[in-house]
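S.K.: Here it is, the structure, as structure tokens.
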Amino acid sequence: MSDNDTIVAQATPPGRGGVGILRISGLKAREVAETVLGKLPKPRYADYLPFKDADGSVLDQGIALWFPGPNSFTGEDVLELQGHGGPVILDLLLKRILTIPGLRIARPGEFSERAFLNDKLDLAQAEAIADLIDASSEQAARSALNSLQGAFSARVNHLVEALTHLRIYVEAAIDFPDEEIDFLSDGKIEAQLNDVIADLDAVRAEARQGSLLREGMKVVIAGRPNAGKSSLLNALAGREAAIVTDIAGTTRDVLREHIHIDGMPLHIIDTAGLREASDEVERIGIERAWQEIEQADRVLFMVDGTTTDAVDPAEIWPEFIARLPAKLPITVVRNKADITGETLGMSEVNGHALIRLSARTGEGVEVLRNHLKQSMGFDTNMEGGFLARRRHLQALEQAAEHLQQGKAQLLGAWAGELLAEELRLAQQNLSEITGEFTSDDLLGRIFSSFCIGK
């Protein structure tokens, strides 16, 4: 297998459909066109042609599109064959193409990888292709498209350019120490550095929003049996996703619902009631509940308001609170307010949010929805946003740390060499986002998560 091979793959989902597309990219794409179509189509024009087998018989007929490199998606010669979407027809056509020497099936994401390697896309744009396909909401799709069109990359490149100018100024101060003006102490470098830090903070805020849109927030509903966990899941999902009975231990396994609150994706997880298990099945369910709790972004601690007047989670169930991960955010949900007569709404107890509601009637559930949105810092009014991945957030955080350390060197010790090094490292972190500075191992991991025909 070589990166110089001509590659072919089905670009449409497997299964039956009205249209099926095969995509070919590489030096032998021209030969495929001449062999299968009998001619080379006019560049960038749709040509309706028969697709022929080796013996000249017609396998299918459809649209052929020819994109000679470098003016194509991958930067190579690209041929697209758009025929009927039957799996048998597509398989026959694929087998016919693979009889031509030098062709092979593409690896997952290899078309996008070649586009990146041929400078048709930067790495953030290439990742946005997969994110656009996987988008679970309109807002996520729009943000992914913004990233694909270069919105995220433009912000990052602006920061890199600003750091380049700043590094030039700092290096000049280091290389010409005998000048009458002390470049490190004249205030200009500090002002420029503060501007870069402010711009980076703005990008980080948008990236966190973009990460929420892409990854979603994992919220686990946990508590004792019959506290109303499944009723709350149904109320948040807007449908009867979980069976609800008065029998303790009805929920034996983990139930998952994917919902959206004003565009923010949430993974809501209902778990088995936590208690001493009465049988092996319940014990396994409780173990799985704890596994989900340990991986959660937030826990909704469900409390049956008819069983206790306590509002402090440490007082309600100290053993449960003691077992939770130290930094895991908790929201105490006092359920059955329709029975207890408690005032609906949200308050705070010892640093924990407390919400009183009725999962059965739905009263107070909207307060919980708004709380979940606000607790993750999700802004529904942010326009022109972009999607971001965890690696993007890590790179931005590391760049911010280096800039703060560089500022400390500037203000504390006037150490130009150390400041220059911190600026270089920050620039390197930012360049990792667009792929200007990226290891081959990372590229492999990124593109292997793509669809075969992308």
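Going from the start of the chain as shown, residues are counted 1 onward.
Using N, Cα and C of the backbone, Cβ positions are placed for all residues, glycine too.
So Swiss-Prot has the following annotated:
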type: BINDING; residues: Arg23, Glu80, Lys120, Lys454; note: (6S)-5-formyl-5,6,7,8-tetrahydrofolate binding site
type: DOMAIN; residues: 216-377; note: domain 'TrmE-type G'
type: BINDING; residues: 226-231, 245-251, 270-273, 335-338, 358-360; note: GTP binding site
type: BINDING; residues: Asn226, Thr245, Ile247, Thr250; note: K(+) binding site
type: BINDING; residues: Ser230, Thr251; note: Mg(2+) binding site
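Please go over these features one by one and say how buried each is and what sits next to it.
M.R.: Lys120 ((6S)-5-formyl-5,6,7,8-tetrahydrofolate binding site) carries neither a helix nor a strand DSSP state and counts as coil. Its Cβ placed at the centre, Lys120 ((6S)-5-formyl-5,6,7,8-tetrahydrofolate binding site) has 19 other Cβ atoms within 10 Å.
In the three-state DSSP scheme, Asn226 (GTP binding site) is classed as coil. Within 10 Å of the Cβ of Asn226 (GTP binding site) there are 21 other Cβ atoms, across all protein chains.
Residue density at Ser230 (Mg(2+) binding site): 24 other Cβ atoms are found within 10 A of its Cβ, drawing on all protein chains shown.
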S.K.: What count of other C-beta atoms do you get within 10 angstroms of the C-beta of Glu80 ((6S)-5-formyl-5,6,7,8-tetrahydrofolate binding site), across all chains shown?
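M.R.: I count 21 other Cβ atoms within 10 Å of it.
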S.K.: Taking the Cα of Ser230 (Mg(2+) binding site) as the centre, which of the binding-site residues listed as Arg23, Glu80, Lys120, Ala272, Lys336 lie within 10 Å of it?
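M.R.: So the list reads Ala272.
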S.K.: Mean pLDDT for the domain 'TrmE-type G' (216-377), rounded to an integer?
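M.R.: Over the domain 'TrmE-type G' (216-377), the predicted model scores a mean pLDDT of 85.
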S.K.: Within 10 Å of the Cβ of Lys229 (GTP binding site), how many other Cβ atoms can be counted across all chains shown?
M.R.: 31
S.K.: Tell me the Cα distance separating Lys120 ((6S)-5-formyl-5,6,7,8-tetrahydrofolate binding site) from Ser358 (GTP binding site), rounded to the nearest angstrom.
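M.R.: Just about 54 Å between their Cα atoms.
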